[in-house]
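TrEMBL has this to say about the protein:
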SIGNAL    1-26  signal peptide
DISULFID  Cys37-Cys80  disulfide bond
SITE      Arg64  site 'Transition state stabilizer'
ACT_SITE  His68  active site, proton acceptor
BINDING   Asp69, Val72  Ca(2+) 1 binding site
DISULFID  Cys86-Cys281  disulfide bond
BINDING   Pro128  substrate binding site
BINDING   Thr159, Asp205, Thr208, Asp213  Ca(2+) 2 binding site
DISULFID  Cys165-Cys190  disulfide bond
Amino acid sequence: MGSASSFSKFCLTLLLLVDVLGSTNAQLSTNFYSKSCPNLLSTVKSTVTSAINKEARMGASLLRLFFHDCFVNSAVENVCPGVVSCADILAIAARDSVEILGGPKWAVKLGRRDARSASQSAANNGIPAPTSNLNQLTSRFNALGLSTRDLVALSGAHTIGQARCTSFRARIYNESNIDASFAQTRQRNCPRTTGSGDNNLAPLDIQTPTSFDNNYFKNLVSQRGLLHSDQQLFNGGSTDSIVRGYGNSPSSFNSDFVSAMIKMGDISPLTGSRGEIRKNCRR
């Protein structure tokens, strides 16, 4: 969990934002903008595709930045000024990023509105640290209405993105449930001494770091999870069988990932007349 580039972090950030926004009886729908902004999906898709073609890491970055930032906002404003919320733009961009990098596609439910205020620091403080154990991870997800299977499926987003040396230094030098050659490889770019190379990056998935696939789970089975919290999912505990299943069946992972994403997106979004539609997603 604690990677700044991880999708799981973005998921929990969104859920924490939901807590701030509160609940409402209004419903999201997949065709919310079909009349008010019919070119929305194609506009976002083309912009995200262009960005990822220039820099593959952009896909993971967009997932991370879901609730508080969005570079495609200016493109959408050109075709539908003042109509689409930043929250919905980012929901679409996140979905498109997964698809462009080889992952599954799903119908995004839309109709969210933006909060009038939100705290990035408060959201970040509520996200499980990379030192979290399995009980801490499952408890946090369960408290948000997400199952243990949802936890494992959403953690599979660590198949893309990177983490800072500070997030995995303790694991590669101090832990025993780690492949020796993998640890040595990571140590080359992450010195043991605190303050040295702290911001150096390493891919969360050493095999295919810019492809959304199931290699993350294969890495865990081989004890090559980069973060302590990653390897906790396959460490003799209750989630071992789920990890092994996803490693053996990419279709099973994709299906459960989509289900978990849809389930997460249905948790008390701000809709109706509450909140606002921001014209500037960077403020």
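Cβ atoms are placed via backbone N, Cα and C, with glycine included.
All TrEMBL annotations are machine predictions without curation.
What TrEMBL annotates, mapped onto the structure for a quick look.
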{"residue": "Cys37", "record": "disulfide bond", "Cβ within 10 Å": "18"}
{"residue": "Cys80", "record": "disulfide bond", "Cβ within 10 Å": "16"}
{"residue": "Cys86", "record": "disulfide bond", "Cβ within 10 Å": "27"}
{"residue": "Pro128", "record": "substrate binding site", "Cβ within 10 Å": "19"}
{"residue": "Cys165", "record": "disulfide bond", "Cβ within 10 Å": "20"}
{"residue": "Cys190", "record": "disulfide bond", "Cβ within 10 Å": "24"}
{"residue": "Asp205", "record": "Ca(2+) 2 binding site", "Cβ within 10 Å": "26"}
{"residue": "Thr208", "record": "Ca(2+) 2 binding site", "Cβ within 10 Å": "17"}
{"residue": "Asp213", "record": "Ca(2+) 2 binding site", "Cβ within 10 Å": "19"}
{"residue": "Cys281", "record": "disulfide bond", "Cβ within 10 Å": "22"}
Original post:
Which of these binding-site residues is closest to Cys165 (disulfide bond) if you go by CA atoms: Pro128, Thr159, Asp205, Thr208?
Top reply: Asp205
**OP:** Identify all same-chain residues not among Thr159, Asp205, Thr208, Asp213 whose C-beta atom falls within 8 angstroms of the centroid of the Ca(2+) 2 site's C-beta atoms; report them in sequence order.
**Re:** Ile160, Gln207, Pro209, Ser211, Phe212, Asn214, Asn215, Tyr216
**OP:** Compare the Cα of Cys37 (disulfide bond) against each of the binding-site residues Pro128, Thr159, Thr208 and report the nearest.
**Re:** Thr159
**OP:** Please report how many Å separate the Cα atom of Cys281 (disulfide bond) from that of Thr159 (Ca(2+) 2 binding site), as a whole number.
**Re:** 27
Subject >> Euclidean distance between Cα atoms of Thr159 (Ca(2+) 2 binding site) and the residue listed as 'substrate binding site', Å >> reply: 18
Original post:
By a simple count, how many Cβ atoms lie within 10 Å of the Cβ of Thr159 (Ca(2+) 2 binding site), its own Cβ left out?
Top reply: 31
**OP:** Using C-alpha atoms only, work out the spacing between Thr208 (Ca(2+) 2 binding site) and Cys190 (disulfide bond) and round it to an integer in Å.
**Re:** 20
